[in-house]
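Undergrad: Okay, handing you the structure first.
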Amino acid sequence: MATTKSFLILFFMILATTSSTCAKLEEMVTVLSIDGGGIKGIIPAIILEFLEGQLQEVDNNKDARLADYFDVIGGTSTGGLLTAMITTPNENNRPFAAAKDIVPFYFEHGPHIFNYSGSIFGPRYDGKYLLQVLQEKLGETRVHQALTEVAISSFDIKTNKPVIFTKSNLAKSPELDAKMYDICYSTAAAPIYFPPHHFVTHTSNGATYEFNLVDGGVATVGDPALLSLSVATRLAQEDPAFSSIKSLDYKQMLLLSLGTGTNSEFDKTYTAEEAAKWGPLRWMLAIQQMTNAASSYMTDYYISTVFQARHSQNNYLRVQENALTGTTTEMDDASEANMELLVQVGETLLKKPVSKDSPETYEEALKRFAKLLSNRKKLRANKASY
């Protein structure tokens with residue numbers, strides 16, 4: 001309901017915008033959004049590896065990284081982890097992970113992260129290994145050090161409010177300058193699967209500020225694209241580099257949204273007669289599945305409508321597999337066999353058409369995006385040199 005209300009507000013504000021400003025490529029705001037989905041993060045990781053490879057080829061630069069091309073990178077749950085991996089700096093102030101490093105990360109650490117260690121009275125996994133590996137990989141790096149703007153969501157169960165970690169919020173809310181490993185664990189701490197995460201930071205006057213956080217999907221329902229667009233809109237309004245962009249002018253936004261796959265277009269369907277016999281537990285499981293599937297579809301529908309209303313449908317690309325079956329639908333099956341299947345899903349997805357009405361494949365669409373991102377980066381660099 002909250003997502004629907006937010007969209008309607010955005011939609012009518014956009015329709016009210018009468019700007020006829022032509023899109024200037026060098027001033028376009030580029031946005032990458034990555035869904036949550038546990039081990040299914042392997043699917044968008046395959047897409048990211050392909051896109052980064054295309055950028056390296058187009059610019060003839062093997063050191064090109066995604067963070068060099070996107071103004072905002074947002075993610076929730078496993079998407080938040082991917083966001084951190086490609087934006088957190090190493091000792092050379094470059095992303096500590098290339099896109100090609102992400103799938104091997106899942107294969108190495110996934111079986112340990114999703115190794116049953118809980119109890120029937122608590123979360124399925126104790127989260128200790130996940131937190132440990134995040135600390136090892138991300139170190140003491142904080143939000144302000146991210147190489148581009150980030151938008152990572154979580155939900156505070158003590159204040160009952162979403163918490164959005166972004167660089168642009170730090171001036172007003174310095175307590176949000178948390179360590180990246182705390183943020184990554186928090187956004188991945190899905191109820192039932194991992195324990196909530198408690199940590200503290202400090203306010204501008206030095207007072208202790210505490211967080212009690214769970215999975216960002218509770219705040220963004222798995223798909224952070226609307227959140228990422230909101231952060232990008234604020235960035236466009238506040239950064240002089242985007243001076244020609246009018247408020248909420250989606251003609252000058254380029255959005256790539258990556259999903260982690262859904263069940264065969266609502267593969268698990270039910271009749272009213274069946275559901276009438278369910279108890280509370282059965283309903284809880286079904287509602288979670290229905291909510292995740294519906295929210296992914298509706299967010300895509302909302303955003304598509306907005307971009308079409310501004311005659312900018314080519315500025316938005318949603319990459320999603322809607323026909324997952326068997327073990328690939330599970331967010332915590334980190335067996336080697338299932339992870340290999342997820343790699344195949346991602347590689348096959350690249351060859352599929354973007355829509356039933358378009359012959360363009362995802363691979364072709366991503367190549368088109370890579371050229372746009374490359375040209376825009378060059379134009380901006382030339383403008384900055386004057």
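In case you wondered, yes, glycine gets a Cβ from its N, Cα and C as well.
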Undergrad: Which of these ranges is annotated motif 'GXSXG' in Swiss-Prot: 75-79, 90-94, 310-314, 325-329?
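TA: Of the candidate stretches, Swiss-Prot labels 75-79 as motif 'GXSXG'.
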Undergrad: Select from 36-41, 168-173, 258-263 the stretch of residues annotated by Swiss-Prot as motif 'GXGXXG'.
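TA: Swiss-Prot lists motif 'GXGXXG' for residues 36-41.
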Undergrad: Which bits of the chain, at least 6 residues beyond where the motif 'GXGXXG' (36-41) starts or stops, bring a Cβ under 8 A of a Cβ in it?
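TA: Tertiary neighbours of the motif 'GXGXXG' (36-41) are 75-82, 102, 106, 110, 114, 187-188, 190, 193, 215-217, 222-224, 259-261, 324, 328, 330-334, 338-339, 342.
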Undergrad: Summarise the motif 'GXGXXG' (36-41) as counts of helix, strand and coil residues per DSSP.
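TA: Here the numbers are 4 helix, 0 strand, 2 coil.
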Undergrad: Report the DSSP secondary-structure composition of the motif 'GXSXG' (75-79) as helix, strand and coil residue counts.
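TA: With helix first, then strand, then coil, the motif 'GXSXG' (75-79) has 2 helix, 1 strand, 2 coil.
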